[in-house]
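The next block holds one structure in the form of structure tokens; read it before the comments.
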Amino acid sequence: MSRAAELKSNHQQAHTNSTQTAQVVNATEHMRASWRDYYELTKPRVVMLLLLTALVGMCLATSTWVEPVILVAGMLGIGLLSSAAAVINHVVDHKIDSVMARTFNRPVAKGKVSIRNALIFALALGLVGFVALAVFVNMLTAWLTLLSLVGYAVIYTMYLKRATPQNIVIGGLAGAAPPLLGWTAVTGEIHAYGLLLVLIVFTWTPPHFWALAIHREKDYAKAKIPMLPNTHGVDFTKTCIVLYTLLLCLICLLPYLTGMSGMFYLVGSSMLNAYFMYLALKLKYRASPTTAMTTFKFSILHLMVLFVVLLIDHYLPI
Ligand code: HEM
Ligand SMILES: CC(C)=CCC/C(C)=C/CC/C(C)=C/COP(=O)(O)OP(=O)(O)O
């Protein structure tokens, strides 16, 4: 064999070896999903914020301290059922996820966790969560939390997400439920103040999500999901963000006006809302390429601090 032919042959062999190695690595990846993959399936950071809103719902429902058993079993049950809903969302959406740049690396979309294993995981989380609520908290909370799971994993993910650009407005009700779930965990009944907290998260959801949808407009178009920026244009979506943020500013006054919260809340929430409104207006009239993502990130900080402010206000001795 000439020197050139020998080099070519070696090169081809190396290429074949590296292809085989890649296939073996892929197969091993498929078989060996780590605990991190399962953890990721539960959307942990989203669930943490949901749990914060549930905790605040619990604390605001009573003028004393929340009973430890209710606190632990309630948080565990709401957290596990929310996680189960998130896992089902990964299963139902695995094809969409594999098309979008933001989500293609997710464990089910990538094939690291099989659909069967993900469903078994979701069932286990859901069962333990439901039993924890039913046994240690109360049946009203258990059923309402299960209803929220169905709202997110079935009604939003399987149907609304693919059907209408109003998907997240209607579907947002499930994600907004936790403060009420916290409230019913403590009192066993639905109270207008619990519903007011739901209304706050419900109104916050459209600006939260649409800001991201603007930034990821091409992703959703590629996956053929009818999100508002794709169906009605980016400019119309920005107007909707401004209007929902305005509505949020007004609704956030209600806890003070109804006597649920005091002056500390009024000042804190007004500052947060003023900055949210500033970002929404900047996005509409003076956007730079980063404004949509800045607004999305701030929305998360906004809700987190808003609920911490509600909590501090509740325990302030004035
Ligand atoms: C239907 C309603 C909602 C929709 C469509 C929505 C959509 C999204 C999307 C697409 C992301 C990006 C996830 C990623 O980076 O992969 C996200 C992130 C996030 N969402 Fe929402 N969301 C909704 C409701 C909520 C609610 C109710 C909460 C909490 C109370 C929440 C909290 C968060 C948090 C904390 C993140 C950041 C997650 C991270 O950094 O990993 N979302 N949301
Ligand atoms: C029991 C209970 C309270 C259930 C609610 C559970 C839950 C995880 C709500 C959060 C809503 C959310 C992250 C929507 C994004 O879904 P998406 O599919 O539009 O976003 P993705 O593309 O990032 O998956």
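Cβ coordinates come from backbone N, Cα and C, glycine included.
Look at TrEMBL and you will find 10-22 tagged as compositional bias 'Polar residues'. Marked as region 'Disordered' by TrEMBL: 1-22. Annotation source TrEMBL lists transmembrane segment at 46-66, 72-92, 113-136, 142-160, 167-186, 192-215, 236-257, 263-281, 293-312.
The stretches the transmembrane segment (46-66) and the transmembrane segment (293-312) meet in space: the count of Cβ pairs below 8 angstroms, excluding pairs fewer than 6 apart in sequence, reaches at least three. Just going by CB pairs under 8 A, the stretch in 72-92, 142-160, 236-257, 293-312 that sits most against the transmembrane segment (192-215) is 236-257. When Cβ-Cβ distances below 8 Å are used as the criterion, the transmembrane segment (142-160) is approached by residues 77-78, 81-82, 84-85, 88-89, 92-93, 126, 129-130, 133-134, 166-168, 170-171, 173-175, 177-178, 180-181, 184 of the same chain, each at least six residues removed from its ends. Within its own chain, the transmembrane segment (293-312) is flanked in space by residues 49, 52-53, 55-56, 59-60, 179, 197, 200-201, 204, 207-208, 211-212, 215, 241, 252, 255, 261, 264-265, 268-269, 272-273, 275-276, 279-280, 282-283, which lie at least six positions past its ends and keep a Cβ under 8 Å from the stretch.
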